[in-house]
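Shown next, in structure tokens, is the structure this report addresses.
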Amino acid sequence: MKNWTAEQMRAITSRGNALLVSAAAGAGKTSVLVERVLSRVLTDTPPVDIDRLLVVTFTEAAAGEMKERLGTELLKRLNEDPGNSRILEQLELLPVADISTLHSFCHKIIRKYGRVCGYETKFAILEGPRETYLKNKVLEEILEERYEKGDRELFALLEYLNDEKNDRNLKELILNLYHFSRSNPEPEKWLLDSLNLFNGNWERFEDTFWYREIKSSTEMWLEYILELLGRAKSVAEKYGQARAFSLLAEDMEKVRGLYAKLNEGYEAAKQYLSQVKFGTFSWGRGVGGKDEAKDLRDKAKEQFETIKKRYFSWEAGNFREELRTLTSYLDPLVKLVREFSRKYQEEKRKHGFADFSDLEHWALDILKSGVYRELREKYVEILVDEYQDINGLQEEILTYVSRDGQNLFMVGDVKQSIYRFRWARPEIFLKKYEDFTDEKKIELSLNFRSREEIIATVNFIFKQIMKKRVAELSYDEKAFLKKGADYLPNANCFAELHLIEGKPEEDINSNGEPEEDLTAVHREARLVAAKILKLKEEGFKVFDRETKEFRPLQYRDIVILSRSLSNSSNIWQEELTRAGIPVYVEGAGSFLNSKEILLMTSFLKVIDNPCQDVPLAAVLCSPVAGLTYEELWQVRKEYPEGLLYDALKNKSLGKDELSVKSQKFLELLVEFQKLSRQISLAELVNEIYRKTNLPEIFGAYPGGEVRQANLKLLHDLAVDFAEINGGGIYNFLTFLSQAAESEDFSPAKLIGEADDVVRVMSVHKSKGLEFPVVFVVGLGKRFKFDYSNTVFLHSDLGFGPKFFDPEKRIRRHSIASQILSERMRRETLAEEMRILYVALTRAREKLILVGTVKNLAKKMAGWQSQTEALKDTLSDGQIARAGNFLDWIGPVVFREGSDLPDCLKVEVHPQQEKIEGEQWELPEVLRVKLLTKTPFTEETDYTGQFRAGLEFNYPGLKIAKLPAKMSVSDLKEVFSTDDVISLEDEDEVFLPGVYFEDGAMLGIVYHEFLRRIDFQGDLSASGLKAQGETLVAEGVLPPESREMLDFTKIARIFATPLGQRILRAREIYPEFPFTLGVKAGEIYPEATGFSEKILVRGVIDLLALEEDGFFIVDWKTDRVTGDILNERLKEYAGQLNLYARAVEEITGKKVKEKYLYFINLEKEVRV
């Protein structure tokens, strides 16, 4: 018999009312759930049959495990009491017991009762790639129909969303709004109620949720300001500065005064803010501490000013009018969502599909029809696992099935709620936790998973940062993890924090976006690899729970967790493999980027249209055609002009060996082209496999089984595609890219728990798992805060649209968007903190934290300066200002007076330090460029070029497949001045497509700032900085932009001849949008002679009008020089020519000149 703790026993045996069990990580909640079911069916008086219990789990795997464990326990007890008929009865009932996911339970309700209520009972579940594709298809059809009708509301909405280039923002907004509404019990009502919030029907603004949010946020920031001033006052006291001490005390009183005014109302607070003046700071000459105290006070004053600009810059009397004005955009948006919902349902019904959301909504409708009474009678108790991840719709279903919630047994841990992006509502759990009496809630805080050192580290960090106002819950004594596992002592099981100093500046790509700090990703990977090898070499041992003995560490005992692997999975794979460590990287991105799938997609493109040079080159230099790079060069050299396909046909006319190879490939291509018109796409894929032997060839590669499984998955996706679309290679390739982006998409996986490999996975993938040794990496990577949204969405607060003046083309925060963006930022931070908690609590015996920090010494000094004023925790403001995990962990570990536990060791790796394994060179990354007539030499190293060729996505399409709309940026390759391809070695090392998650904002931030400059204002560096501060306060720019924008370099623009011309111009049009019809043949040579046009949308950075015509300026943030800059200029020339043509056609005036201005290079280039 297991020795249950008192709280576990209470969770097993308590009866008579609803019960909420808050089970900390590693608390054994599954065992408790199993035992509660067993006690219900075997020992209750009277006992309950197992088919009269409803057990709801989060995943099918969890449901299967639950049934298996119940079966094992029942058999075990039957062996102990062979004649027990009660146990036999429950074993017989177990297969039909309702132990399933909520979706499976809803499906069962529909199958049993649906026909009576008018619902189809036979349908296929639509999920993953097929669901994504069908949604996009329906949405595209709706918008195309409106484009054709010239829908004015749609065009106004596109202008409002700054979507003139393309309608990507609108599509994303419609789908997000659709999903938001569907997570509610009544989607239509939620949409209309959210819209009605903008009718301005309130008596006092102070009675609205808008003001409640303003008041709550302001109070949080006031606490932070007081903490800063308190620290400055402590410095003044330390250095005996009585005048400064007195002044800071006055400052604090002025700040506290705002608390009272907030209670009086909006206008009272606004008036008070306008009257507050801070005195002049003074400090004794030659006395230390001045800079520290002044810096703290300046930060406090800056934050106080931000409160004024962020929340109290509006006129309360204008709120109603402004919000009502915004309905002119929200109303057509809601109409589009409702139309999409209706037509998407029709499309699903036509194909015989239902998605998971349908299951829940249909089941709820059926329950409401009266069926709930029968089910309430049937189920004695409903047990819900992972209750923290429930949403509003699911809660409603459970309420109906249960006896108004009175026979619900709910288990979860709100600290592990990390699925808000899937509409989870942790606040449902939190509200019950706050409302329930002690008799109705139980804390399971004993952790049976982790060593004491890990528990101490987790408690040490989270007791200081997890606070109710900023994290939605408090990490108090009740939440503390407590040791429940008995491990034998091991002196090497302390937790570790490794801080790597990152390089100070990022490389900039052609879109003005910083490339991801390769040094950071690679150095973290190398440090981890070196640490793994060291653990192995030193004979690190882990405790084996089966044998109850220590054994040597194996690779399968190790996991590497990252918040996201979207841009770094390949790096981890390469670096660990290079170190000789067997590794498996989880993630969908690796599917489309795998060699075998890249080759197949390239081949399909060539079959569809061979006039695509890059895919054709990739196929030719693959096992399909078998050409070497030397031979490819020979083909092109003999026919240097025109398409590579024409060059290949020309070569096939000869008699030499290369000509024979070319001829055989062309024959194979023609055969597949004929087959593509006669058989299904899935059959075509099969034929390609059969005739080329690609599965066998890739089976011989390293990881061959996974590669073969990927090829099979590609075939399966072709089958799926056929069910929702008649076919077509181009459409299938679109479907494939959407499939990889789907949250539910899983690439081929051929790995089990017994495989001795290190696993690399996202924190979300690790939920519910545990490992002896856990590395948590990327702690310095910035959180994602999307400030660029024009409309923010929130499940409780509804819409948060920005205000837009169509005449001045100015967007700024409305009261609604300001409040929602702030609320969403806080909720994002709370979720990120829970993600960190999940990551740290996966470890059983060894926890190693790794992060990269720029300006490490300065950062550490900042962390250390946060002194005793912080007391036991960081302030709410300090926590709320975090941009990454290290912004929490750093101050916790380094601040003065921090009681760092002995079980946590910190190691710092400066920029100049060579990390063990640093002698490995960075993998050479080659660029695919449009072909120049570069001499070919035997010495040239073409390592990696085959892959680079496969990765390139070239937009050559048949006329039948031409897009109806495209953006100017889509045309970059089309307008390039070179016309053939090259796989040319470059000295520079770049990794295309890999960006800082925060760095991707840099180009956007520069453009947002430059389009909003007051050209009549102060254009000095300080003046521009002040303009930037205003835009940050208004929410137009993110706070991070303070560090991202170089105001000195921007100021220098206006000292140049070009800048002076801009200032003297008669008219200046920042961000000038245009739409231009272009004949398809001008973009795609294969369309020459056709009358079809393509609608091209774009935005010109700056258009200036002088007496004799216009000139154009395009801002660039590239940091490249020399040959690479010349290549970029060729790419940009076509875009600028199109800009000029658009302006001339629209205005009838001549465009005299076109300029590129490279801000970081401080260089203007006339094109």
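Using N, Cα and C of the backbone, Cβ positions are placed for all residues, glycine too.
Around the Cβ of Ala23 (ATP binding site), the number of neighbouring Cβ atoms within 10 Å comes to 27. Following the DSSP three-state reduction, the secondary structure of Ala23 (ATP binding site) is strand. The ATP binding site feature in Swiss-Prot is assigned to Ala23, Ala24, Ala25, Gly26, Ala27, Gly28, Lys29, Thr30; the stated evidence is sequence analysis.
Taking the domain 'UvrD-like helicase ATP-binding' (2-451) as a whole, pLDDT averages 93 in the prediction. Positions annotated as domain 'UvrD-like helicase ATP-binding' by Swiss-Prot: 2-451.
Annotation comment: Swiss-Prot describes 478-768 as domain 'UvrD-like helicase C-terminal'.
Annotation note: Gly28 (ATP binding site) sits in a coil segment as assigned by DSSP. A count of other CB atoms within 10 A of each Cβ picks out Ala24 as the most crowded of the binding-site residues Ala24, Gly26, Thr30.
Remark: of the binding-site residues Ala25, Ala27, the most isolated position is Ala25 (fewest other Cβ atoms within 10 Å of its Cβ). Within 8 Å of the Cβ centroid of the ATP site, not counting the listed residues Ala23, Ala24, Ala25, Gly26, Ala27, Gly28, Lys29, Thr30, the chain contributes Val32, Asp413, Leu444, Asn447, Phe448, Arg449. Around Lys29 (ATP binding site), a 10 Å sphere centred on its CB holds 21 further CB atoms from the protein chains shown.
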